[in-house]
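Written out below as structure tokens is the structure these notes cover.
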Ligand SMILES: CC(C)(COP(=O)(O)OP(=O)(O)OC[C@H]1O[C@@H](n2cnc3c(N)ncnc32)[C@H](O)[C@@H]1OP(=O)(O)O)[C@@H](O)C(=O)NCCC(=O)NCCSC(=O)C[C@H](O)C(=O)O
Ligand SMILES: [Mg+2]
């Protein structure tokens with residue numbers, strides 16, 4: 001069975017306190033935006049930012065330039081903070097596609113937010129996304145990801161919080177991310193085990209578009225579904241890097257065509273252009289083609 005693919009290649013944080021940035025979002029080609037109430041908003045502005053949510057969602061565009069509806073997510077403050085509970089209630093009144101929970105440490109953090117959502121929405125309505133950005137989240141990542149196997153948990157996506165991970169662990173943030181990579185790969189494994197989407201962390205040097213494109217290419221190779229972004233200039237490179245390449249689409253088509261030949265009906269393994277190809281590659285090819293079709297690649 002081919003799962004429905006929801007592109008999340010480019011997911012842009014927009015501070016709820018930044019009117020200029022908010023005004024720009026409807027014209028952008030990102031797959032999703034995260035309206036941020038957490039780290040992008042100063043403590044003194046948090047209540048005012050929260051009060052703007054209704055107005056922000058009232059202006060929600062029906063479709064972006066691709067004719068697709070851009071997902072809109074709200075990142076609330078941690079539920080244990082003085083703002084978290086009110087953020088969650090205000091966010092729910094705006095009916096976002098998902099709530100992004102920051103500083104998740106344990107499965108209980110996700111289940112607790114889910115309990116609040118259950119009072120208002122069916123599990124297929126508002127979803128939960130979780131930031132993986134604390135040492136405890138990494139230690140508990142298997143059980144957190146496992147929640148993704150139960151639709152009632154609403155959990156559908158992990159977002160790597162590399163800035164907080166660097167802050168909390170003291171690892172050096174090098175351009176090649178050598179000290180972060182083992183944890184990022186742990187996130188990839190856990191997300192796949194739980195059937196979750198997974199977004200890479202942000203690239204802070206937003207004027208360095210070459211460096212950004214390199215990091216996107218690497219993240220796509222590592223298995224991420226997309227990247228979290230901080231600036232509109234980062235959208236195009238992310239959309240490109242996380243879409244199937246023309247070569248990959250052509251190869252997937254040839255695998256599909258080869259298995260469709262009458263002579264290969266019932267065969268589990270075939271030879272194609274000097275390579276062994278199995279039915280598992282056909283499944284992979286069909287998934288890639290569905291992804292390319294959904295993106296319009
Ligand atoms: C990084 C910025 C502060 C830079 O802002 P600025 O100097 O204003 O950039 P520009 O002048 O180049 O902007 C050009 C135009 O683009 C608009 N803009 C800029 N950023 C955004 C955005 N994020 N969304 C929408 N529009 C945006 C500007 O308004 C300009 O518009 P115009 O003049 O009309 O052409 C700024 O980009 C920014 O604040 N980015 C978001 C920062 C943020 O959200 N941070 C928190 C999330 S990251 C995080 O928390 C990581 C995670 O938790 C972890 O732990 O790692
Ligand atoms: Mg963070």
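Cβ atoms here come from the backbone N, Cα and C positions, even for glycine.
DSSP gives residue 133 (substrate binding site) a coil state; it is part of no helix or strand. Per TrEMBL, the feature substrate binding site maps to 75, 133.
For 133, 164, the entry in TrEMBL reads Mg(2+) binding site. Around the Cβ of residue 133 (substrate binding site), the same chain contributes 102, 103, 160, 161, 162, 163, 164, 165, 168, each under 8 angstroms and 6 or more positions distant in sequence.
Residues annotated as domain 'HpcH/HpaI aldolase/citrate lyase' in TrEMBL: 9-232.
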Review point. For the domain 'HpcH/HpaI aldolase/citrate lyase' (9-232), what is the mean per-residue pLDDT, to the nearest integer?
Key: 96
Review point. Should we count any of the binding-site residues 75, 133, 164 as near ligand 1, judged by a CB under 6 A from one of its atoms, and which?
Key: 133, 164
**Study point:** C-beta crowding around residue 75 (substrate binding site), within 10 angstroms
**Key:** 27
Review point. Around residue 164 (Mg(2+) binding site), how many other CB atoms lie within 10 A of its CB?
Key: 19
